[in-house]
């Protein structure tokens, strides 16, 4: 390898270097080929000899048995030879391309290094990493259940091999090889548009079927068959897109980049929260007891933490008398600081204060005036280029990092979570389903029957099994209505439904603000976030929190959800803008007119191929095809915490 590197370091005699590489590579391959055949032949002869001795003097057995043994041995030899020849063919093509590039003097240093890395990897016969969850003990410090066999089963089925025979390099790629931003954006856009085109056609065909009068049973049956075939086609395309992600050679980079980005943010938060001189440090005071539920209060603390990060102030969380636990946050989760726990004796001033104000008190996000540009949905300007390439929804990743730091459990909480997982029998593959009822329905959200949730659960498992694999179908069902769990178990006996009706009963409004109920909601969110896929309503903050935490467990889990109502949003956020990439001519008076480059402030997705929003250029509101726009990642200039 040193010789190869030295050869690439010079710009002269390109054809000589190419010829040397070509001859050496072929010599190595021929040597390996002969060695393998020689070993196989020797092994076969030894085995035959052993069989002869085992027969106690009966020479080498009957002629027929000997013939069968020879056939099997020859078959093995041929198979090994074909495998080696195929490998040789692949390397030959690569070397031919290399020679062409060298002869035309177009080989750059990056291409050379990539070839060297591949040759080194083949020589070492080692893969890098795997396609499972990111191992991260900081989030709740609970060791995940069984490794995510979903991805192994899917890949094995696609390659027609047993899961344990999967080459690790197919699942992980080569360390140091990175995708372009354009590739990652395009790959994710194709996956999103597959879902959007299915939303459109299934919705339109459904409308046609409903409009049919009596006596059209044949046409109705034809439409039903088109829907069934279309759904299968959609699942096949999504499965192919997932397989493309695994085998495109960039998975090692995705895992590495996700780990490094998360570690960077966690170091910055730790530095911010543990100043060397607490007495003189600038601080931001946040009062936990916002008048809302647990998920809403978590989002309130995250908002405070984002402002603290942006203003370089240590967050002081006031939580005594917390409505969920009177002892305060620190008895459930670790303190947000190891060394700076109170505001001190300095005078406290309300937002916005001045840059030199030592102690600043923050109101709830709805009352914040003036509103700074770094509120969600903005991400840090210095991290944005990396996040755009890595993640399908950078703001969800960004919020997830604050939850990762905040939700570090005390020992008693960690033990409770471990015990809860064991008692429920939680294991993968599993779909997390959250059904919000009670006070939410009729005020902030519409009623959705369990059948609607299970339609998407069924679709997820059918996609998982598209290539003929078979898995145990499990769901983790969380709700604030115990009757939902009982109903699901009666209607769907073919599923293993994991859930605790008692936890659901404690989540009712009358008993919600108790220690028992707090433990239940913490467990629910934890298990929802660790599920392979989420089916829920994003109008519920509990589901959005679970989705945000899920982002800390994968390089990119932006598409691991199905919301029955809202798109993702952060309460009190700045406008959610999308940019038109395809012009749109209105189909009716309800539609927006779009020109390429127009910014659309999005209000929601109707999940029928259309979204609703307002064109900021024309100030017109209306519908537009969802596939004609892409998210505009908002950024804000924030401290970079140099040296951390």
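Keep in mind that glycine also has a Cβ here, set from the backbone N, Cα and C atoms.
Remember, TrEMBL labels are computer predictions, not curated facts.
Residues or ranges marked as transmembrane segment by TrEMBL: 15-35.
Annotation comment: TrEMBL describes 78-122 as coiled coil. For the coiled coil (78-122), the mean pLDDT of the prediction comes to 51.
Sequence-distant contacts (6 or more apart, same chain, Cβ under 8 Å) of residue 340 (disulfide bond) comprise 273, 274, 275, 278, 281, 283, 314, 316. Sequence annotations record features per position, and here TrEMBL assigns disulfide bond to 278-340 (among others).
Sequence annotations record features per position, and here TrEMBL assigns domain 'GT23' to 280-564.
For 286-304 (among others), the entry in TrEMBL reads disulfide bond.
Of all the Cβ atoms in the protein chains shown, 16 others lie within 10 Å of the Cβ of residue 296 (disulfide bond). Annotation source TrEMBL lists disulfide bond at 292-296 (among others).
If you look up TrEMBL, you'll see 370-376 marked as motif 'SH3-binding'.
According to TrEMBL, the feature disulfide bond maps to 536-543 (among others).
Summarising the annotation, TrEMBL assigns domain 'SH3' to 573-634.
A Cβ distance under 8 Å defines the sequence-distant neighbours of the motif 'SH3-binding' (370-376), meaning residues of its chain 6+ beyond its ends; these are 303, 306-307, 310, 352, 395, 398-399, 570, 572-574, 636, 638. Shown for the domain 'SH3' (573-634): DSSP residue counts in helix, strand and coil, namely 3 helix, 29 strand, 30 coil. Around residue 304 (disulfide bond), the C-beta neighbours below 8 angstroms that are at least 6 residues distant in the chain are 284, 286, 315, 317, 362. Neighbour counts of Cβ atoms within 10 Å were compared across the disulfide-bonded residues 278, 536; the minimum falls on 278. By neighbour count, meaning other C-beta atoms within 10 Å, the densest spot among the disulfide-bonded residues 286, 543 is 543.
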